[in-house]
Amino acid sequence: MGGCTSKPSSSVKPNPYAPKDAVLQNDDSTPAHPGKSPVRSSPAVKASPFFPFYTPSPARHRRNKSRDGGGGESKSVTSTPLRQLARAFHPPSPARHIRDVLRRRKEKKEAALPAARQQKEEEEREEVGLDKRFGFSKELQSRIELGEEIGRGHFGYTCSAKFKKGELKDQEVAVKVIPKSKMTSAISIEDVRREVKILRALSGHQNLVQFYDAFEDNANVYIVMELCGGGELLDRILARGGKYSEDDAKAVLIQILNVVAFCHLQGVVHRDLKPENFLYTSKEENSMLKVIDFGLSDFVRPDERLNDIVGSAYYVAPEVLHRSYTTEADVWSIGVIAYILLCGSRPFWARTESGIFRAVLKADPSFDEPPWPSLSFEAKDFVKRLLYKDPRKRMTASQALMHPWIAGYKKIDIPFDILIFKQIKAYLRSSSLRKAALMALSKTLTTDELLYLKAQFAHLAPNKNGLITLDSIRLALATNATEAMKESRIPDFLALLNGLQYKGMDFEEFCAASISVHQHESLDCWEQSIRHAYELFEMNGNRVIVIEELASELGVGSSIPVHTILNDWIRHTDGKLSFLGFVKLLHGVSTRQSLAKTR
């Protein structure tokens, strides 16, 4: 397992604010650079500038002595005269195969030139038609005094700067400069536009880099942000030799989880969380941590999934590689950061980028090597629950702040969890039988889980009768809303919760509605909990039900052979739901999945 111990050196410090090079390498022969820029799938994939292909060195030509082509006279009169040839056979040239290879390469290159030229012409024509006007202010020179360059990335660079006038006069800031010449496609233009929109829309969190303004001229776009002079989190990890104590790691992770939970509530997924994208405000040991670089971020609704592959290889989640993901992908990245903080090594490592991707998809992180045996059980459990490959089993950022390892560190205000919306929506659309099953399962919740749900219930401002309604949810959203929440259309999602418009929900039902069966299944106590839940269901919720009625409750169409699918869901002795049917009902196993298994 490779240690997180080095960073690419450069005469100019890598720019923490600048957008990263988005290149996806699929060739196993391409080494994975430790400081490599984020990956982004693209129809046109360029070779990495860090790893050019090497051409063979020219062979040294050996001078050979010429041979006599004539036969000459024989020393014996009885010998047969040698046959005379027009020219002698020369020894095989040691450089001939090299010349052949170079000739074939030249032919291929010449054949490819027309296609390459055509592609370049098409790109130039496309670029000519691109609208690179963003509508930003053009008064940069009158308001901002640019200083020296402090960092450089593939698509731009960052300068220190000062405000010349106004309330912020003499305030030091960082200005990210993105040349418009680098914006060669509509996608790259939209990326810049979206980054500014997200920075402008997100506000009000102490661990979020402050955005001041955006400017443009004919040559560049300028994004003015808070100047963080304390360096990257990665620098501090390296300065410590790659290992943090558990308490020091908690102090870092609490800040990361808090700001990520805030972004997720606003409907923003960062998609490139890594130590390089967290900066300290000052050199002080206990200075505040700020998340930066929203160049790959996007808006996402609670019921929406993204499909483009973006991020950095070591931190990318499995579902991103499968092209179907949402906010849980950020939580995976936090799990990788937590693993590095506690042991100094990456959980997934390989010599090539494609090898890293295979490890992310197939391998399990090791908790057997030092220092893991000496760390607390709670610390290991915390990291494991962030690195579940199934995103449905992964903790959310808000839930992670309630994990026993974190919760015991100091008093933390738990942010509202966007997962609650998804769970309530699914609950309201469930059959009465599934609601009864969820109610039985909620009776087995642990104390820690109940504390988390109590905090979430309080965020929804229950009325004097102890009930939450659609209006109270709207009020809770308005209390926590930023402009980003409007962009991600989260308020529109409330239309799917109309079941609460005329009927409130008390805390007991809220627990049943909010419980995540997949998360609960990942706990060590699952087998015991599900057995106990079934016993409670037998006493209070189970009833005699025929297959046709069960099919109706599940919304199974008449064209589906329900007896084949649901036969094992019902006990033949008394016609009630079997334990297997109870478990499947809780998981919400679709009839399509069940039908596929019977074939």
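Cβ atoms are placed via backbone N, Cα and C, with glycine included.
The following features are taken from Swiss-Prot:
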type: REGION; residues: 1-128; note: region 'Disordered'
type: ACT_SITE; residues: Asp272; note: active site, proton acceptor
type: REGION; residues: 411-441; note: region 'Autoinhibitory domain'
type: REGION; residues: 430-450; note: region 'Calmodulin binding (CaMBD)'
type: BINDING; residues: Ser472; note: Ca(2+) 1 binding site
type: BINDING; residues: Glu509; note: Ca(2+) 2 binding site
type: DOMAIN; residues: 521-560; note: domain 'EF-hand 3'
type: BINDING; residues: Asn540, Asn542, Glu549; note: Ca(2+) 3 binding site
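The structure, with features from Swiss-Prot marked on it.
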residue	record	DSSP class
Asp272	active site, proton acceptor	coil
Ser472	Ca(2+) 1 binding site	helix
Glu509	Ca(2+) 2 binding site	helix
Asn540	Ca(2+) 3 binding site	helix
Glu549	Ca(2+) 3 binding site	helix
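Tertiary neighbourhood of the domain 'EF-hand 3' (521-560): same-chain residues 385, 388, 393, 431-434, 436-437, 439-441, 443-444, 446, 566-567, 569-570, 574-577, 579, 582-583, 586-587, 591, 595, selected by CB-CB distance under 8 Å and a gap of 6+ residues from either end.
A straight line from the CA of Glu549 (Ca(2+) 3 binding site) to the CA of Glu509 (Ca(2+) 2 binding site) spans 24 Å. Ranked by Cβ neighbours within 10 A across all protein chains shown, the recorded positions Asp272, Glu509, Glu549 are led by Asp272. A Cα-Cα distance of 33 Å separates Asn542 (Ca(2+) 3 binding site) from Ser472 (Ca(2+) 1 binding site). A gap of 47 Å separates the Cα atoms of Asp272 (active site, proton acceptor) and Asn540 (Ca(2+) 3 binding site).
Here the region 'Autoinhibitory domain' (411-441) has, by DSSP, the following mix of helix, strand and coil residues: 20 helix, 0 strand, 11 coil. Cα of Asn540 (Ca(2+) 3 binding site) to Cα of Glu509 (Ca(2+) 2 binding site): a distance of 15 Å. In this view, the densest Cβ surroundings among the binding-site residues Ser472, Asn540, Asn542 belong to Asn542, judged by other Cβ atoms lying within 10 Å. Cα separation, Glu509 (Ca(2+) 2 binding site) to the residue listed as 'Ca(2+) 1 binding site', rounded: 16 Å.
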